[in-house]
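**Q** Here it is, the structure in full.
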């Protein structure tokens with residue numbers, strides 16, 4: 001080993017000793033936030049040093065999910081999103097979806113091909129339910145009408161709650177917008193901070209800029225908010241249920257993601273139409289991607305998660 005290499009190694013060793021590792025075996029199996037790679041040394045990042053040889057989790061082999069979901073697949077999944085009757089006509093494009101996904105490099109790139117395809121299917125299924133324009137006898141069935149809506153329908157309120165960190169801007173409303181129908185000032189604030197956009201003062205960017213709109217949905221998907229894990233960690237196997245989770249019936253699978261998103265309304269109540277609708281989208285998209293569904297698709301017998309920042313607000 002050369003002199004400078006030895007010096008660099010010693011300095012790195014001192015740094016590592018003087019600070020706590022962030023992820024992997026060095027941190028009790030913790031995964032990195034935002035889908036970042038966990039290096040063999042237990043640090044989070046998105047470069048080859050973190051995602052390459054020895055990477056412990058969320059190891060992105062490529063940031064381009066277009067290899068798994070082509071434009072034609074995307075258009076087939078969201079077949080009727082551009083119907084004249086859909087308020088979101090022309091907004092939700094494949095290019096915006098791919099561009100936004102690249103800002104979250106762990107999405108659709110974590111795990112084996114089956115896991116990666118399931119994550120894409122699960123994300124599009126859950127967001128399709130939130131934006132669906134379908135009905136039971138709709139052309140091509142109810143699960144071909146995802147991404148029809150852009151803004152919350154009816155006469156939504158301001159969705160403003162007192163917040164020292166994310167105070168509401170005068171005249172702004174924080175009702176549901178975009179793929180995940182993000183709501184409330186504090187969620188707009190957190191999402192905006194994560195993607196580098198002031199959404200507290202400019203919430204309608206979620207309904208006028210398609211890339212920003214998709215990014216808010218990916219932010220929600222990739223971000224754990226205690227006591228809830230992230231949707232990403234659940235679908236990719238990065239979440240291990242605690243004893244309390246198991247007692248509550250919360251086992252890894254698509255059903256827990258529904259619990260994360262709207263468990264207080266939909267879960268633990270037996271068979272409810274909303275849960276079945278989400279599953280219907282998921283199965284159709286898995287079929288298009290030619291991947292199996294996995295286990296535990298519903299949350300019929302799951303108790304909802306406890307209080308969290310995103311609980312039942314989206």
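Keep in mind that glycine also has a Cβ here, set from the backbone N, Cα and C atoms.
What Swiss-Prot records for 1-20 is signal peptide. Residues annotated as domain 'Chitin-binding type-1' in Swiss-Prot, with sequence analysis given as evidence: 21-61. The disulfide bond feature in Swiss-Prot is assigned to 23-38, 32-44, 37-51, 55-59, 86-148, 160-168, 267-299. Annotated active site, proton donor per Swiss-Prot: 130, in sequence order.
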**Q** Taking the Cβ of residue 86 (disulfide bond) as reference, which residues of that chain separated by at least 6 in sequence fall under 8 Å from it?
**A** 80, 133, 145, 147, 148, 149
**Q** Taking DSSP states H, G and I as helix and E and B as strand, how many residues of the domain 'Chitin-binding type-1' (21-61) are helix, strand and coil?
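**A** Breakdown, helix to coil: 10 helix, 7 strand, 24 coil.
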**Q** What residues elsewhere in the chain lie close to the domain 'Chitin-binding type-1' (21-61), defined as a C-beta under 8 angstroms and at least 6 residues from its ends?
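**A** Same-chain contacts beyond the ends: 104-107, 109-110, 194, 222-224, 232-233, 236, 238, 240.
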**Q** If you measure C-alpha to C-alpha, which of 38, 130, 160, 168, 267 (recorded positions) come within 10 angstroms of residue 32 (disulfide bond)?
**A** 38
**Q** On a C-alpha basis, identify the one among 55, 267, 299 that is nearest to residue 38 (disulfide bond); the candidates are the disulfide-bonded residues.
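**A** The smallest Cα gap between residue 38 (disulfide bond) and any of the disulfide-bonded residues is with 55.
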**Q** Under DSSP, is residue 130 (active site, proton donor) part of a helix or a strand, or is it coil?
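**A** DSSP assigns residue 130 (active site, proton donor) to helix.
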**Q** Any idea what the Cα distance is from residue 37 (disulfide bond) over to residue 59 (disulfide bond), rounded to a whole Å?
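**A** Checking the Cα atoms of residue 37 (disulfide bond) and residue 59 (disulfide bond) gives a distance of 5 Å.
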**Q** Given a separation of at least six residues and a C-beta threshold under 8 Å, show me what packs close to residue 160 (disulfide bond) in the same chain.
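**A** Spatial neighbours, sequence-distant, of residue 160 (disulfide bond): 168, 172, 173, 174, 184, 185.
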**Q** Between the Cα atoms of residue 23 (disulfide bond) and residue 44 (disulfide bond), what distance do you get, rounded to the nearest Å?
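**A** That comes out at 7 Å between the alpha carbons.
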**Q** What is the Cβ neighbour count of residue 37 (disulfide bond) at a 10 Å cut-off, with all protein chains included?
**A** 28
**Q** Which site among 44, 148, 168, 267 has the most other CB atoms no more than 10 Å from its CB, taking these as disulfide-bonded residues?
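**A** Neighbour-count leader: 267.
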**Q** Within 10 angstroms of the C-beta of residue 23 (disulfide bond), what count of other C-beta atoms is obtained when all protein chains are considered?
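**A** The answer is 25.
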**Q** On average, what pLDDT score does this prediction assign to the domain 'Chitin-binding type-1' (21-61)?
**A** 78
**Q** Measuring CA to CA, name the entry from the recorded positions 44, 130, 267, 299 that ends up nearest residue 55 (disulfide bond).
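**A** Of the recorded positions 44, 130, 267, 299, 44 has its Cα closest to that of residue 55 (disulfide bond).
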**Q** Of 44, 51, 59, 130, which is closest to residue 299 (disulfide bond) if I measure between C-alpha atoms? They're all recorded positions.
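**A** Comparing Cα positions, the candidate nearest residue 299 (disulfide bond) turns out to be 130.
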